[in-house]
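One structure is given here, and the rest of the page talks about it.
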Ligand SMILES: C=CC1=C(C)c2cc3[nH]c(cc4nc(cc5[nH]c(cc1n2)c(C)c5CCC(=O)O)C(CCC(=O)O)=C4C)c(C)c3C=C
Ligand SMILES: [Fe+2]
Ligand SMILES: [Fe+2]
């Protein structure tokens, strides 16, 4: 019988905080047409002609503030998830990063070297986006066809609507919430608005925000990042018994001059203290592991923005990282897909 294995895939980080390594990483990341979706020539002009002149030095400084002795938090935490999962399942578990190292190809190779031919690949993103789930699957298929044509890969789909995940996230947030808070802000990574229009066959996103958020159209919901972020929040607060009025949804980390999905996290943080929100808790459920975008952009910069706007207490709620209850969810989702191999 074919041997099975699991590949956990996360976004990836630069090799080090050296400007040249950050530049190499940003080049691979931003030249991905699923991330900056312009024609190659315009993408190259923007990325190589403009962004890579200044951003690597700035990002390298930011990475230095979160880097640990073991390396980038995102990679280190993904390795911890791998090790914990490996103790719970009897098939090999490896990791791969969409950008930089260890690559998806290296991860598949490690599994193949252990005799694996049926792989469950888990993109570690709760919500679907062109720049996350879609690019991971496309890359893995490209590598499989070119290098491992006899290997089968079964992909785990976005899990923002799975009860086991929502229960896990709600329990994790509840445990970390401070006793007194005026609001809980859900800050998701943003995407250009154009990206959500591109992946929406039903055109629901375009009509207006409310339509997109409340849509019951399956074809729209399956691929709409904005819809899936709002639904994640709705499900988590329902589970926590938290009133909607005590919550905020916003989108962080925008890049460039395009219009990204709103409201923007930085603007929200600056303005909410004037509306009476002085004690704030923030959680970032687009990320399963803490990374530059949570540890620096939210915990440090975000806190400064909130305090500058007149806030008093800012409490960052860490991601699920390698919490045991989250590892149990990862195990369940992987096992479901491993079992499907009997039927494909
Ligand atoms: C969680 C989902 C993510 C989406 C959606 C996403 C879209 C997206 N990102 C950029 C540009 C950058 N993102 C950067 C870092 C970064 N992004 C995510 C996740 C998503 N990105 C993570 C987990 C990280 C952290 C990586 C780490 O090493 O810790 C960066 C690099 C840092 C910087 O220079 O700011 C860029 C650039 C775009 C353009 C985009 C959608 C089109
Ligand atoms: Fe990003
Ligand atoms: Fe939508």
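Think of each number as a place in line: the chain as shown, counted from 1.
Using the three backbone atoms N, Cα and C, a Cβ is placed for every residue, glycine included.
Because TrEMBL annotations are produced automatically, they should be read as predictions rather than curated entries.
Among the features that TrEMBL reports, Fe(2+) binding site is placed at 189, 293.
Packing around residue 293 (Fe(2+) binding site) is summarised by its Cβ count: 19 other Cβ atoms lie within 10 angstroms of its Cβ, all protein chains included. Long-range Cβ proximity for residue 189 (Fe(2+) binding site), meaning a same-chain Cβ under 8 A and a gap of 6 or more residues, is found for 251, 252, 253, 284, 286, 287, 293.
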